[in-house]
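J.: Right, I'll just put the structure down here and ask away after.
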Amino acid sequence: MDTIRIAKVDNVILEHYIPPTTSNGQPSKVRKTGGIHLTPHHLIFCENPAPVAGVGIPGGSSSSSNIGGVVAGTSSSSIASTTSKDKQNKNDEIWIPYPTITLLTKLPQSIQGHYPLKIETKHFENYVFLFEKDRSMGKSGGAEDVWQSIKDSAVKTSVEQLHAFFYTPPHSHSTRPLPSSSSTIGGWATYNPRNEFARQGLGSKTKSWRFTDINKDYSFSPTYPNKMVVPTKISDSTLSYASKYRSKGRIPVLSYLHWGNNASITRSSQPMVGLKNSRSAQDERLVECIFSSHQYPEAAYSAPVYGATTTNLIIDARPTTNAMANVAMGAGTENMENYKLGKKAYLGIDNIHVMRNSLKIIIEAIREAESKPSGILDRTLLRRSNWLKHLSTILDGSLMIIRNIHLNASHVLIHCSDGWDRTAQLSAISQICLDPYYRTIEGFNVLVEKDFLSFGHKFMDRSNHLSSERYFILSENNDQESDESDEENGGEGATKAAQAFFASVQKQFTNSTASTSHLKEISPVFHQFLDCVRQIQRQFPERFEFNEQYLLEIYYHLYSCQFGTFLFNNERQKSQYTTQTTSIWDHATQNKSVYINKEFDGTLDKKAEGDQGVLLFDPKDVKFWFRLFKRGDEEMNGSPVLLQQQAQGVDVVGPITSSLQDPATLSLPVPGTTNPVRSVSPLPPQAHTLNNASGSGSESNTPIKRGLTTSPPVPGGGWNWQGAFNVVQSAGRQIKNISQDAYNQLKAEAVEVDDPWGSVPDSRSSGSGEMVHAASGGINGLEERKEYRTYTPRTNFRIPSESNPWSSSSNSTSVHGPAPVIPSTSSHARPSTNRVNSNPWSTTTPDRPATSTPTLLAPEPNTLERKISPSLADLTLNDKYSTTTQIPKTATDSSSKTEDEEMVRAAMGDDKKAWDPLGAL
């Protein structure tokens, strides 16, 4: 109670939008006058300005408990009630739980003289309260008092301060339940691992799986359940070694066993592969046993059941770029060379940050619509959010899992990065469609407890129950006006400014980083799961026992913090507070009749008829859940054509059987090696032939979607991953090839290249200007060695005298080393060619020598693959005044001094006057 400055404010005007009554309608704006009651966990607006009977100022423990308990059970989306008086006042009250507030803004004074206070909630309901006063004067409060009270009450430092720890169920609100073993009976006992997996057939239909207690004290993996199901052939010792290879020790464990063919859905986190291409024999053995679990342990190596190992899949829910980025951080994805019994597919589901920003755009569109007089929603912003695209991508990946389990009778291993967000979504959605039990109210509760709560979905971090001070904003204009008014009242404005300054400095040097770091973990993961379930429910309205209202109720209490079900990050944290909080499943059981779908027909799920109870939905048929967003159907979704365009998901990459096809493990092609390079070149067809390193032939790779370039493996099956610059490097090489070909074509037309593709003398007798690219014997063939052949000068040139300041004498020292001894004759020197008349671009006159022009060398006859020049500096020079056929980029050999002298000759000519027009020499 210390956080509440004022408990009640009368004569407050409320402006807000109420949802449309029909699907084709639009929200309507209403204006009410009433009173505000502030409790430790709620803001309550009563349209009747008189205090509601039984609700007083929360100064005592009993009244506070009743306000937060009995009446709080009736949310804006719930129709559960306890007494007739509650039913009568239900429509006249608006309850706003503090954890649902996403933005509380104190606006400047309006023209009418009111002091506005705007509240935005996670339930997509926005409220504007207009106060008569800004600050408390006597017993009545103002806008600033309410703003500060809500801020102090909403920002929590511990989960034990949330409403769930003070909430009393309606049937026992007189006394709190004492901690005992009987208190766990009910909602907290909804999911029992042994009962649930026994229902799936563990121990009766198959003996290939067993329970393990290796995590009974949560020391093996703190984010995993204490009871896990693993293959029978895998010992706990093997599991201990395999956990070191998976992120946070989240090894592959069983989540679902199909009733029809014993195909399994297992889940895990990403492997710790890293840049060193690490592997684990224990992890490989564990996955192998999972993929061969159709067979009994005593017949592990007998003939497999038909279809058992044909399309076993490892589903990586991430985009390929995210998997590549995680390799640099020591993690990554499986190298399928080590997992022979399965294939891999990338689903391309974006991470939590992309999903958070997508929902923010929808919230921005709703906020802008309510700020306009017309109140029309901008569908352009909705399309920009890509919300439907994300939903379609999740549903598309789930459909792949469903088909592989039910139709192909094969196993699926799902993981993303840590295995508690996208993995939980895919696993749960697939099970809803595979097993009719999970489409009942009881089965849906079990599914949420199993795949989200027990496997460590971070409800606390993703929902941000503890709130943050960044959600509470004071308008700058309002502060300035308040300061001016305070200066007239004895200098109180200066005192307030000083306090604000010291508070900001203290925050900057204390916990400013800690108070905002958790905001990056917020993401609507469970919201997306409920949305996907609603999309399937809309396509199959007769196959679900629960109705849409049940999903809306679960979404409401996801953020209300009234129950302890969605308050924790893992099962370990939840197990510590089960005796102190109430489960939401108790609330669902008491009001089960409200959530029954009247169109439900359980006979359609008979396994011997029709679709055998398996729902194969259309992943492109998605719409905005307009009732969740408190808008109209036509307003949000528009025409079906627009919906179809917005629902286009990403392409699935896969199935992948080896590292040759895995975009996340592709090596960077290196010039001079046998890696395939896409290029546009006028080379003959035989020049594009690709030979492998051994020269024994070429290997054809299975094409992969998205047009990604593949490369052959290096010896030993290691990774040749070179970072995220494959595309840039490949584009650069293609541009260089095109420019070189165009340059050579121009020179050929100018009759300056005698034989551009002719034969080249052997390397042992060619000139120094010809540079040879050869694959070095470095590691993985990634290094390149440049061999410069020995230069052999012609003998009909005169060496410049010492009076030539550009020449390098034999006594001077070159930067590249001493000059080598020049042989007197050479039988392999190329004859000089006069290019003065043959060059149409030449500006040479009889008094001035021709400018040397670089030419391209022909490829070696023994090489069928196009050689790529490292740079234009490797092009050769050849004119009648010089025998230098190439100027290398770097010269570290003994012939560097001779090359410098030849460069001087090319500039001087045979006569000093040619380079000394002033006659100085």
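The backbone N, Cα and C atoms fix where each Cβ goes, and this holds for glycine too.
Here TrEMBL flags 187-629 as domain 'Myotubularin phosphatase'. Residues or ranges marked as substrate binding site by TrEMBL: ASN351, ILE352, CYS416, SER417, ASP418, GLY419, TRP420, ASP421, ARG422. Summarising the annotation, TrEMBL assigns active site, phosphocysteine intermediate to CYS416. Annotation comment: TrEMBL describes 673-704, 754-921 as region 'Disordered'. The compositional bias 'Polar residues' annotation in TrEMBL covers 688-704, 823-855, 879-895. Taken from TrEMBL, the feature compositional bias 'Low complexity' applies to 800-814.
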J.: Sequence gap of 6 or more, Cβ distance under 8 Å: name the residues on the same chain that satisfy this around TRP420 (substrate binding site), in order along the sequence.
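T.: Long-range Cβ contacts: THR223, ARG250, PHE455, GLY456, HIS457, LYS458.
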J.: Note the Cβ centroid of ASN351, ILE352, CYS416, SER417, ASP418, GLY419, TRP420, ASP421, ARG422, the recorded substrate site, then list each other residue of that chain whose Cβ lies within 8 Å of it, in sequence.
T.: ALA317, THR423
J.: So what's the mean pLDDT when you look at the domain 'Myotubularin phosphatase' (187-629)?
T.: 87
J.: List the residues of the same chain that sit at least 6 positions away from ASN351 (substrate binding site) in sequence and have their Cβ under 8 Å from its Cβ, in sequence order, or write 'none'.
T.: ARG318, ASN322, SER417
J.: Around CYS416 (substrate binding site), which residues of its chain at least 6 apart sit with Cβ under 8 Å of its Cβ?
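T.: For CYS416 (substrate binding site), the qualifying residues are SER269, GLN270, ASP316, ALA317, ARG318, ILE349, ARG422, THR423.
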J.: Sequence gap of 6 or more, C-beta under 8 Å: which same-chain residues meet both conditions with respect to ASP418 (substrate binding site)?
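T.: Expected: THR223, SER247, LYS248, ARG250, SER269, GLN270.
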